[in-house]
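Student: Mind having a look at this structure? Questions to follow.
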Amino acid sequence: MRKIGIASDHGGFELKEKLKSYLKEKGIEVIDYGTNSTESVDYPVYGKKAANGVVAGEVEKAVVICGTGIGISLAANKVEGIRCALCTNEYMAKMSRNHNDANMLALGARVIGDELAKSILDTFLAEEFLAGRHKRRVDLIENC
Ligand code: RB5
C-alpha cells in the first residue's frame, strides 16, 4: 500500500483534511504531520516535519499546503534530499515528477480550488521520473 505524508499550516488546514480523505478513499495510507486546526501556526514547522518524514522513509512522498504554497515549500526544500515542487496546474505536477524527481508537492489553498488540488495531486502521484539526462541535472541540485 502506498504511504503518503501530508502537512499544512492553518491556511492549508481545511484543504489538508479534504485531501487526506480523498487519498484514503483511494486506498492510500496517509501520515498526517499536522497542523490539527485553523489556529495560527508557523508553516516552516510543518513543512519540515513532512520533509523529515520523507527523508526518514516513513512516507514515500508528501504534500504540504499553506496559503500560497510558497512558505511551506521553501521550508521543506531546506531539508537535504528534498525536492519540493509548488504546482498550480497538472502540467507542472507532471514535469515535477518526470524531470525533477520531486518527492514533495506544495499547494496553495488560497490560490487553487479543491478540485484542481485533487487533480494536481493525482498527477503528482501517478507520474514517474524519466531519469536519463534528467538524472544528471537532479544530481547537480545537490552537488554543484
Ligand atoms: C499564513 O497567513 C500565510 O503566510 C501562509 O499560509 C503561507 O501562505 C506562507 O507562505
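In case you wondered, yes, glycine gets a Cβ from its N, Cα and C as well.
Just so you know, TrEMBL annotations never went through curation; they're auto-generated.
Straight out of TrEMBL:
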type	residues	note
ACT_SITE	Cys66	active site, proton acceptor
ACT_SITE	His99	active site, proton donor
BINDING	Asp9, His10, Gly67, Thr68, Gly69, Ile70, Gly71, Asn100, Arg110, Arg133, Arg137	D-ribulose 5-phosphate binding site
Student: Least buried of the binding-site residues Gly67, Gly69, going by other Cβ atoms within 10 Å?
Tutor: Gly67
Student: Hey, how far is the residue listed as 'active site, proton acceptor' from Asp9 (D-ribulose 5-phosphate binding site), Cα to Cα, in Å?
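Tutor: Answer for this pair: 5 Å between alpha carbons.
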Student: Please list, in sequence order, the residues in the chain of Gly71 (D-ribulose 5-phosphate binding site) that are at least six apart in sequence and whose C-beta is under 8 Å away from its C-beta.
Tutor: Asp9, Tyr43, Pro44, Gly47
Student: For a Cβ distance below 6 Å to any atom of ligand 1, name the recorded positions from Asp9, Gly67, Gly71, His99, Arg137 that qualify, or say none.
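Tutor: What lies within reach of ligand 1, judged by Cβ under 6 Å, is Asp9, Gly67, Gly71.
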Student: Between the Cα atoms of Gly67 (D-ribulose 5-phosphate binding site) and His99 (active site, proton donor), what distance do you get, rounded to the nearest Å?
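Tutor: Cα to Cα, Gly67 (D-ribulose 5-phosphate binding site) and His99 (active site, proton donor) are separated by 26 Å.
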Student: Taking only the Cα atoms, work out how far Arg110 (D-ribulose 5-phosphate binding site) lies from His99 (active site, proton donor), in Å, as a whole number.
Tutor: 27
Student: Would you kindly give the Cα-Cα distance separating His99 (active site, proton donor) and Gly69 (D-ribulose 5-phosphate binding site), rounded to the nearest Å?
Tutor: 20
Student: For the C-alpha pair, I'd like the distance in angstrom between Arg137 (D-ribulose 5-phosphate binding site) and the residue listed as 'active site, proton donor', rounded off.
Tutor: 9
